[in-house]
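A.B. asks: Shown below is the structure under consideration.
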Amino acid sequence: MLELAWLLVAVPLVSGLGLLVWGKEGDRVGHLIGTAASSFSFIVGLICFFQILGRDEGDRSYSKSLFTWIEAGPFHVDMAYTFDQLSGLFVLLITGVGTLIHVYSIGYMEHDARRRRFFAYLNIFIASMLTLVLASDYLVLFLGWEGVGLASYLLIGFWQHKDSAAAAATKAFVVNRVGDVGMALAIMLMFAQFGTTAISEVNVSVNAASTSTATALGLLLLLGACGKSAQVPLQSWLLDAMEGPTPVSALIHAATMVTAGVYLVVRSNGVFDASEAARNAVIAVGLVTLLAGAWIGCAKDDIKKALAGSTMSQIGYMMLAAGLGPAGYAFAIFHLITHGFFKANLFLGAGSIMHGMDDDVEMRHYGALRAAMPVTFITFLFGYLAIIGFPGFSGFFSKDKIIETAFGHSFWVGLGALVGAGVTGFYMTRMMMMTFFSEKRWKEDVHPHESPKVMTYPLIALGALSLLGGAMMLGGWITDFLEPVVGHAEHEELAIPAWLLSVLITLVVAVGVALSYVLYSREPIAAETPADESVSFFSRAGRHELYGNELNEAVVVRPTRHLTRFLVFLDGKGVDGFVTGLADRLGDASQLLRKPQTGFVRSYALSIFGGSLVVVLALLAARLA
Amino acid sequence: MTEYITLSMILFTIGAVGVLVRRNAIVVFMCVELMLNATNLALVAFSRQHGNLDGQVAAFFVMVVAAAEVVVGLAIIVSIYRTRRTTTVDEASLLKL
Amino acid sequence: MTAFWILAPIMVLAALGLVLARKAVHAALCLAIVMISLAVLYAAQGAPFLFAVQIIVYTGAIMMLFLFVLMLVGVETSDSLVETIKGQRLMATVVGLLFGIVGVLVIGQAVTGAVTGLDEANANGNPYGIAKLLFGPYVLAFELTSALLITAAVGAMVLAHRERLVPRRSQADISRDRMREYAETGRHPGNPPTPGVFARHNAVDTPALLPDGRPMPESVSASLVARGQVRDGFDDDVDDIAKAIEPPPHAGWPFDQEGDDQ
C-alpha cells in the first residue's frame with residue numbers, strides 16, 4: 001500500500017477540483033463525495049501507517065519518487081513522497097480529524113447554498129496539507145505550503161459577502177506572504193549553499209556548513225513557520241481568521257494547518273540542531289506566543305476568538321518544545337496531535353453551541369447551556385479537561401512533558417511554561433463558566449437545542465480521542481517511535497523527581513481554575529461586554545490582542561503607506577509630470593495654433609495669398625542679394 | 001511685351017482679391033476663372049516672346065483643366081445648395097474645432 | 001498694339017466690375033466681357049486656335065454653365081455687402097495691393113530682349129503647330145486630360161444626383177392633395193391666374209387683378225417676389241379701366257351691341 005500512498009493526495013485533489021467544476025447537479029451529492037474522498041485518504045493512511053508499524057524500527061521510512069519535477073543541470077527536484085513515522089502521524093491526524101470535520105460539516109453547512117464548494121475547498125485543503133507533510137523535498141513542501149495558504153484564504157473568506165470575512169481572508173493571505181518570503185528565501189539559500197532542496201540531504205549537509213549559514217537558514221524557516229503557525233510577530237491574522245465557518249476554524253486554524261510551522265521546525269531538525277541561535281529564537285518565539293495567546297484568551301468574549309487565543313498559546317508550547325532540540329521534538333509532535341484532537345473537539349463544540357444559539361458567538365449571551373445541550377456539554381468538558389491538563393487526559397501527558405523538558409533546558413523557560421499552564425486553566429474555566437454554568441443570559445427568541453447526530457457523533461469521537469490520546473505516551477512509545485526521524489537525546493534528570501513536577505503543574509492549573517471559578521461564580525456575569533474604560537489594563541490589552549494590529553499598523557503599514565505615497569508623488573509629479581507636462585505644453589501650443597483655424601475658406605485663401613506674396617518677396621530678396 | 005504681363009498681373013490680383021472678399025460661391029468661382037484666364041494671357045504672351053508654341057499648348061491644357069474644375073465645382077455648389085439652401089462660402093465653416 | 005490699348009482698360013474695368021458687382025448675373029456678364037477681350041488679345045498675339053477655343057469653350061460653354069447654375073440656385077440670393085470675418089476685407093485689399101505692386105514691378109519687368117514672334121512657328125498654320133506639339137511631346141498629358149474630363153463628368157453626375165427617397169407623386173396624388181387642401185383651407189384647386197392677363201399690364205411682374213379689383217400676389221413668379229421685382233402701385237388701375245370702359249359719348253358700338261341682342 002505504501003507505493004500507492006500518492007493516492008492520499010490524489011483522491012481528495014481530484015475530488016476537490018471535480019466538485020468545483022461540477023455544475024448544480026453536484027449539489028445533491030457533493031458533500032458526500034467530499035467526505036468519501038477524505039475517508040478514503042484516512043483509510044489509506046491507516047493502512048500505510050500499520051504497514052510501517054509492522055516493519056523493523058530502522059526501516060520504517062518509505063520514500064518513492066513519482067516523477068522528475070525539475071531538471072536543470074545539477075539541480076534536480078523529484079516529485080517524491082516520504083512516508084515515515086513523523087509524516088505517518090500527521091497523515092493520520094489530518095485525515096482522521098479532517099474526516100470527522102467533513103462529517104460534522106455535512107450538518108453544519110446544511111443550509112448553505114454553496115455547501116458543494118465548501119467541501120471542494122476542504123478537499124483541496126486536505127490534499128495540500130498531505131502534500132506538505134509527505135513531501136521529501138522543500139520545493140514540493142512549498143507547493144503544499146502555498147496550497148494550504150490558498151485553501152485557508154478561500155475558506156476564511158467563504159462568506160465573502162461579509163466585509164469582515166473578506167478583510168480577514170485578505171489579512172491572513174498577506175501576513176502569510178510575509179512568512180512565505182522567509183520560506184522562499186530559505187529554499188533559495190539551501191539551493192545556493194547545498195545545491196539541493198531535498199529535506200534529507202539538507203539535514204545532513206547543514207552539519208558541514210558554517211554555523212552562520214545554519215542560523216540564517218533556521219531563522220528564515222522560523223519566519224515561515226511563524227507566518228503559518230500564527231506565532232509572534234506574525235500572529236495577527238489568526239484571530240481574524242475566525243470569520244470563517246467554524247469547521248474551518250477547527251480543521252485549519254486549530255488542528256492542522258497552523259501546526260505546519262511546528263512540523264517544519266521538527267522536519268528541519270538537522271538545521272536547528274546545527275544552530276543554537278536558531279533554536280533559542282524558536283524558544284523565544286514559542287514562549288512569547290504561549291503567554292500572549294493565553295493572555296488574549298483570558299480577555300476575549302467571543303468564544304471562537306478565545307479559542308483562537310488558546311490555539312496560539314498551545315502552538316507556542318509546541319514551538320517551545322521544538323526549540324528545545326532533540327529532547328523536545330517528540331513532545332512537540334505529541335502535543336500537536338493531542339492538541340489536534342482536543343482543540344478540534346472544542347471548536348466543533350463551539351460550532352455546535354453557535355448552531356443552537358443562532359450563530360451568536362458572544363459568550364456573554366450564553367450561560368447554563370449544559371442542560372440544553374448535554375452531548376455538546378459532555379464532549380466540550382472532555383476537551384476542557386484535556387487542554388487544562390487534568391490528570392489522565394491527553395493534554396496532561398503532552399503538556400507535562402513539555403514543561404518538564406523546558407525546566408530541563410532553563411529554569412526561566414520552564415517557569416514561563418508553567419505560568420502558561422496556570423493561565424490556560426484560568427481562561428478555559430472562564431469559558432466553561434460563561435457558557436455552560438452561571439445563569440441564562442440568552443437573547444430573546446433564542447432557543448438552544450442539541451445539534452443533529454451528524455454533528456454530535458464527530459464530537460463524541462473527538463471527545464474520546466481527547467481522553468485517550470495520552471495513551472500514545474504509555475511506556476514512552478511516541479518518543480521511541482519518532483526517534484529515528486528526530487534524533488535521540490538523553491533524558492536530563494531534574495533536581496526534583498518527575499512525579500513531583502507533575503503534581504506541581506497540576507496544582508498551578510488548579511489555582512488558575514479555582515481563581516476563575518471564584519471570580520465568575522461570585523457575582524453574575526454581565527450580559528454585555530463592559531466598556532474598555534471599566535476594565536483593568538490586562539483585560540483591555542487582551543481584548544485588543546495585545547495591540548498587535550496597532551503595532552503592525554505603526555511599524556509596517558504606516559511607514560509603507562508613507563513611502564508609497566512619496567513614491568506615487570514622485571512618480572506623479574516627477575516622471576509623469578515631465579511626460580504630461582510636455583504633452584500639456586504641446587496642447588497649449590496647439591490651442592494657440594487653433595485660433596487661426598476659423599473654418600472660413602476665405603481666411604485660408606487669404607493665408608495662401610499672403611504666403612505666395614512672401615514667397616515672391618523671398619525669391620526677390622534672394623535674387624537681389 | 002511688358003504691358004501684356006502687367007495686364008496679366010493686374011487681372012490676376014483682381015481675381016485673387018475677388019476670391020478673398022466675395023462670399024457667393026459662384027462669384028468666387030468666377031474670380032478663380034479670372035485668375036486662370038490671366039495666367040493664360042501671360043502664357044500666350046511668353047509663347048510669342050520665345051517664338052515657340054509650348055506656351056499656347058500650356059494655355060490649352062489650363063483651359064481643359066479649368067473646364068473639368070468648373071464642372072465638378074458647380075456640381076458641388078449645387079449639392080451644397082440643395083442641403084443647406086445657401087451658396088455662401090462662410091456657411092460651410094465646419095472644418096474647425 | 002492698338003487692340004491692346006483699347007481692350008486693356010475695358011478688361012480691367014470689367015474685372016473690377018466682377019469683384020464689385022452686387023448681383024451675380026452682373027458679375028457673370030463682366031467676366032464674359034473679359035473673356036471675349038482676351039480672345040481678341042490671343043488672336044492679336046498669333047494664337048488663332050486659342051482665340052477660337054476661348055470663344056467656344058470659355059465664353060460659350062463655361063460661361064453658360066455658370067449662368068445655368070446661377071439661374072438654378074443663385075438668382076434669389078444676392079450678396080450682402082457686410083463683411084462677416086473681421087479684418088478680412090482690409091487685409092485682402094492690403095495683400096492684394098502689395099501683391100499687385102510687386103507683381104507689376106518685378107514680374108512685369110522680367111521679360112527682356114526682343115520679341116521673337118511666332119511667324120516661324122506658325123509657318124504651317126497655328127493649329128498645325130499646336131497639333132504637332134499636342135500629339136508629339138505632350139501626347140501623354142493630352143491623353144491624361146481625357147481621363148480627367150471623364151472623371152469630372154462622372155463626378156458631377158454623382159454629386160448632382162439625388163436619390164429618390166419617396167415614391168413619385170402621381171397626378172392622382174396631386175389632385176387629391178389639392179382637393180383636400182381646398183376642403184381644409186379653402187385654397188382654390190385650379191391653376192392660379194397668369195400674371196397681368198386680365199389687368200392693364202400683361203407683363204410677368206404684374207399681379208393679375210381679381211374681379212373685385214384686388215391684385216392677386218400668387219399669380220406672380222416666386223422668383224420675382226423674392227427679388228422684390230414685383231410691380232405695385234396700381235390702386236388707380238380700376239378707375240383707369242372703368243374710365244376706359246366708359247363708352248365715349250360718340251361711340252355706340254361695341255358697348256351697346258350686346259344689350260341690343262338681349
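Sequential numbering from 1, following the chain as shown.
Keep in mind that glycine also has a Cβ here, set from the backbone N, Cα and C atoms.
Annotations in TrEMBL come from automatic prediction, not curation.
For A:69-119, the entry in TrEMBL reads domain 'NADH-Ubiquinone oxidoreductase (complex I) chain 5 N-terminal'. Residues annotated as domain 'NADH:quinone oxidoreductase/Mrp antiporter transmembrane' in TrEMBL: A:135-421. According to TrEMBL, the feature transmembrane segment maps to A:32-54, A:89-106, A:118-136, A:181-200, A:206-227, A:248-266, A:278-296, A:317-334, A:369-390, A:410-433, A:498-520, A:604-624 (among others).
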A.B. asks: Under an 8 Å Cβ to Cβ limit, what residues of the same chain, 6 or more beyond the ends of the transmembrane segment (A:604-624), are close to it?
C.D. replies: 596
A.B. asks: Apart from its near flanks, which chain residues at least 6 from the ends of the transmembrane segment (A:498-520) lie with a Cβ under 8 angstroms of it?
C.D. replies: 388-391, 396, 399-400, 403-404, 407, 418-419, 421-430, 433-434, 438
A.B. asks: Where does the mean pLDDT land for the domain 'NADH-Ubiquinone oxidoreductase (complex I) chain 5 N-terminal' (A:69-119)?
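C.D. replies: Mean pLDDT across the domain 'NADH-Ubiquinone oxidoreductase (complex I) chain 5 N-terminal' (A:69-119) comes out at 90.
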A.B. asks: When secondary structure is assigned with DSSP, how many helix, strand and coil residues does the domain 'NADH-Ubiquinone oxidoreductase (complex I) chain 5 N-terminal' (A:69-119) contain?
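C.D. replies: Reading the DSSP string over the domain 'NADH-Ubiquinone oxidoreductase (complex I) chain 5 N-terminal' (A:69-119) gives 29 helix, 13 strand, 9 coil.
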